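Undergrad: Quick one: structure below, then a few questions.
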């Protein structure tokens, strides 16, 4: 299995020569991890081709999640032990992809400078308030609904009471000395070796890329893609290694986005291009080897990373089956409440000056893949929708768990379903340390996206949402 992201190797393991190398970096993927990741990638590509051939609008990444989870459950039911063995084979690859999942959301935020204008500065503040209040409303309403249902079923286990340290009955005499508790500083999520390698790769590929661009070389675009890919990952690892007091406030995704935009500006300055022209090559919207950008490559990898959430779901299949009613209730609450609640909120605050802008804000709590599909169905703008979704995910990853604590929601099922309802992929990734809550977050992220897409696909629902958000507009 992949070592925990916050776990460093022992000194002997770190500096022991292996295979001619002076060090052994725990961030380097092992063979079983690569095999598992390759499986999810291959399945993602195959499903994407099948869906396109049959004109199925449903995203292949979520289809991969549903297919793998369903297959594992059915195989285990028919051939006991086989499903668990396949799960064990896929788990290392799943861990590898999940570890790098957050960096794959950078393209959605980095393309914000190219998005159409939302409106005035006041409109931007209104959108930010929608992100904060919308996330809080969706997570709280879903969590409390689940908590109420589970409490009525008698399934909520109260948190263990604090056990007081026993004291001596003789007036404090003859007390044994209490040894001070030494709390070790948390290890960095990535090693210094990884940071050094990425820095060197970024500098080398950047120099070659900029030289090729200045000479109008035929391979200038692929070289820039390589440079920006290393640069994006470098700035994410750098941000993740910053002190925890900083990362609790500024998510590494924000640091990576800012770093990516700075590298874009540097490239533009050195090559004599405009910032916007260089940024357009970051996400070209194609996987053609000579045209794809670093953002396209990261978004491609997002598919297998989302698909591997099925492994975490399978690991808690029993407790999920026991809680099927609340899982369904949570998905309906988050999808319907998210769409219609956001529509009324947008209308109440009179955000933006066009129906297109308002419709782009509706899928704020839906994972990026289906948020794009929903936006296309409603007639909104994809760039605005993706930016709002990513900003919501950043907010969820930064404050989501702390907010659940503040709301005194201790039940892991309620915590997971609440986070999955409102936080999308970044929120789900943030709750990974909570082993019992994480699978519920993953499944509700998928179900919320599926239910929301199904709802807007119904003409009557779509018309209703359009009518709500267009209220008060002059056009």
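Cβ atoms here come from the backbone N, Cα and C positions, even for glycine.
So TrEMBL lists the following for this protein:
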type: COMPBIAS; residues: 9-22; note: compositional bias 'Polar residues'
type: REGION; residues: 1-22; note: region 'Disordered'
type: TRANSMEM; residues: 56-79; note: transmembrane segment
type: TRANSMEM; residues: 99-115; note: transmembrane segment
type: TRANSMEM; residues: 127-149; note: transmembrane segment
type: TRANSMEM; residues: 225-242; note: transmembrane segment
type: TRANSMEM; residues: 297-314; note: transmembrane segment
type: TRANSMEM; residues: 326-346; note: transmembrane segment
type: TRANSMEM; residues: 366-399; note: transmembrane segment
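Describe the structural context of each listed feature in the structure shown, including burial, neighbouring residues and relevant distances.
TA: Beyond the transmembrane segment (56-79), the same-chain residues lying 6 or more positions past its ends with a Cβ under 8 Å from any Cβ of the stretch are 40, 43-44, 47-48, 50, 86-87, 90, 302-304, 306-311, 313-314, 317, 367, 369-370, 373, 442, 446, 449-450, 453.
Residues of the same chain lying 6 or more positions beyond the ends of the transmembrane segment (99-115) and with a Cβ under 8 Å from any Cβ of it are 2, 5, 232-233, 236, 251-254, 256-257, 260-261, 264, 275-276, 279-280, 282-283, 294-296, 298-299, 301-302, 305-306, 368, 381, 383-384, 386-387, 389-391, 393-394, 397, 425-426, 429.
Beyond the ends of the transmembrane segment (225-242), by six or more residues, the same chain brings 102-103, 106, 110, 188-190, 194-195, 198-199, 201-202, 205-206, 208-210, 250-256, 258-260, 263-264, 267, 281-282, 292-298 to within a C-beta distance below 8 angstroms of the stretch.
Residues 130, 133-134, 137-138, 141-142, 145-146, 149-150, 320, 352, 358, 361-366, 413, 417-418, 420-422, 440, 443-444, 447-448, 450-452, 455-456, 465, 468-469 of the same chain, all 6+ positions outside the transmembrane segment (326-346), place their C-beta atoms under 8 angstroms from a C-beta of that stretch.
With a cut-off of 8 Å between Cβ atoms, the residues of this chain six or more beyond the transmembrane segment (366-399) that come close are 57-59, 61-62, 102, 105, 108-109, 111-112, 114-116, 118, 127-128, 131-132, 134-135, 139, 248-251, 253-254, 302-303, 306, 335, 338, 355-360, 419, 422-427, 429-430, 445-446, 448-450, 452-453, 456-457, 462, 465-466.
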Undergrad: What residues in the same chain, six or more past the boundaries of the transmembrane segment (127-149), come closer than 8 Å to it by Cβ-Cβ distance?
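TA: Same-chain contacts beyond the flanks: 118, 156, 325-326, 329-330, 333-334, 337-338, 341-342, 345-346, 349, 351, 361, 364-365, 388, 391-392, 395-396, 400, 403-404, 407, 409, 411, 413-415, 417-419, 421-423, 444.
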